[in-house]
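Lifted from TrEMBL, the feature list:
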COMPBIAS  19-28  compositional bias 'Gly residues'
COMPBIAS  95-106  compositional bias 'Basic residues'
COMPBIAS  115-128  compositional bias 'Basic and acidic residues'
DOMAIN    180-268  domain 'PPIase FKBP-type'
DOMAIN    292-380  domain 'PPIase FKBP-type'
DOMAIN    404-492  domain 'PPIase FKBP-type'
DOMAIN    516-603  domain 'PPIase FKBP-type'
DOMAIN    621-649  domain 'EF-hand'
DOMAIN    659-694  domain 'EF-hand'
REGION    1-133  region 'Disordered'
REGION    668-699  region 'Disordered'
């Protein structure tokens with residue numbers, strides 16, 4: 001169906017009335033005027049054929065040489081299609097056969113005029129409008145028809161035109177039947193006594209035809225005009241507007257008044273265009289459907305009277321196809337153009353842009369207008385690449401991700417209609433991967449190139465760069481466009497060193513930290529997105545550590561070297577110099593760490609493997625000096641007293657530690673080789689004796 005036609009001026013409420021001016025005769029004071037705005041009877045004729053629902057009538061039939069207008073008397077056609085050589089019912093067409101040789105050809109008068117051989121009957125005055133059945137009490141329709149019979153309306157004489165009872169009018173009537181419109185309808189045809197002579201229902205097929213061009217009997221032509229889709233009417237057709245004084249042999253007697261119960265199912269015109277109504281549309285629409293795009297949409301399909309014939313929802317799957325390439329009916333090809341993803345439309349398609357005269361199977365009749373309620377789920381073009389939308393970019397972006405970088409990011413993954421199919425947030429864990437190496441779908445490999453740490457980015461991935469026609473699992477349909485809202489937490493390269501930024505360095509800094517030095521420092525540790533992990537300020541004392549003793553992660557140890565007391569730094573530690581892929585308590589796997597450090601103090605250390613070193617040469621008779629009571633053995637107390645004296649006199653130094661007693665105890669344990677609680681002269685050895693090193697000597 002195309003755009004709504006102009007209103008014809010028919011009464012808005014159900015009513016019964018006469019259509020005036022039945023034909024050429026019957027002038028004078030009894031001649032009735034045509035009601036205001038009522039449509040004229042059709043005078044055009046056209047050929048239209050289909051199988052006969054009624055048996056052929058015997059005898060001769062009037063031809064076209066009668067000189068009478070098409071659609072009048074027995075020379076008229078039925079509500080259906082044209083027949084050749086046989087009489088037709090109200091669902092059939094004009095009688096066009098020639099009479100048999102030797103039999104006279106009967107002549108019928110034009111509409112509204114009696115046969116010449118009969119006296120012209122007196123004309124009844126038009127009935128007053130009666131209360132419509134829809135507003136009457138139960139049984140009122142029977143009473144109404146009884147009144148008509150009592151007044152002689154079943155007699156062909158009193159009626160000069162069709163009596164119409166609009167006993168059901170839909171609340172919404174976008175269009176009314178006009179001359180030249182194509183229509184589809186169902187009907188039951190009966191006589192006054194209720195005996196049925198024809199029915200489209202019995203044939204299991206609706207009647208399709210054109211109004212006002214002589215394809216229907218004149219009474220039907222007039223009675224159908226002004227109808228809305230789903231409207232129901234009772235029509236009373238007098239003989240001279242039906243089959244006249246001849247009738248149809250064996251089916252419709254001469255001078256029969258015909259009663260029709262009609263429901264209108266479809267109206268369209270050859271001048272109709274596609275009718276598109278936007279039901280809802282997203283606020284943001286960056287792109288609309290064009291020819292050659294591939295679309296995924298849901299739809300409900302109905303006939304114009306509301307009868308459903310198909311639905312994608314019942315199949316639990318979208319309809320997926322290309323637009324503008326001939327894969328769809330023409331009306332749908334046109335109706336999808338210009339749609340946004342998430343938009344809803346109502347598309348009314350006239351038959352010549354749908355399935356036309358053939359219909360489709362048993363669900364779409366011939367010449368049917370189609371109504372589609374469409375929800376566009378997503379669309380793309382096979383030539384599409386990845387589309388990027390920059391949602392939030394940090395003001396400071398010193399580095400952007402490149403192929404080979406390892407990226408940690410959070411994401412929400414949705415379809416174009418907003419359906420969530422996956423989220424890293426729901427797992428409370430970032431997605432960690434290399435980019436540009438094929439570990440992720442090609443669209444994300446491309447979409448993460450050039451990101452900054454902390455950036456938020458939307459990545460729209462067409463299906464040929466995602467999961468293609470097959471989709472993935474039960475969450476991602478085939479040919480689905482995917483949208484990823486990404487928050488980049490951090491990234492690094494396996495070749496990255498520790499990044500050191502000096503925030504403050506005191507003037508006159510001559511002494512800096514080295515491996516084996518004992519230092520005290522404060523620090524704040526966080527992820528690159530600002531998430532706080534640890535801080536020495538949460539404790540009473542600064543952190544203490546011996547550099548190079550494997551007591552802190554490698555990256556932090558490197559960042560604390562060559563510092564002056566009072567210096568402040570920012571350290572960026574990649575995971576391979578931090579806690580690696582596994583992470584640690586409170587530290588995610590593969591996390592880049594940020595340290596803010598301040599060196600409080602430092603003590604010179606001792607070489608690796610030493611606990612004490614002499615500042616000069618050790619005593620020549622070391623054992624005798626260490627044996628303070630000269631009893632030939634050195635217990636732990638004598639050993640501790642001797643070492644402390646050497647440190648106090650500046651002759652040597654212990655390995656820096658927050659617990660010197662423990663360092664001395666470790667030294668004694670190393671010398672007490674048989675662990676009997678005392679050191680003998682045979683057990684006491686210098687480190688130089690053991691390692692053959694003469695740079696430093698240690699007990």
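Glycine too: its Cβ is placed from the backbone N, Cα and C atoms.
The structure displayed is predicted, hence computed values, not measured ones.
With pairs at least 6 apart in sequence, the domain 'PPIase FKBP-type' (516-603) and the domain 'PPIase FKBP-type' (404-492) have 3 or more Cβ pairs within the 8 Å limit; the two touch. Counting residue by residue with DSSP, the domain 'PPIase FKBP-type' (180-268) contains 14 helix, 36 strand, 39 coil.
Per-residue pLDDT, averaged across the domain 'PPIase FKBP-type' (292-380), gives 96.
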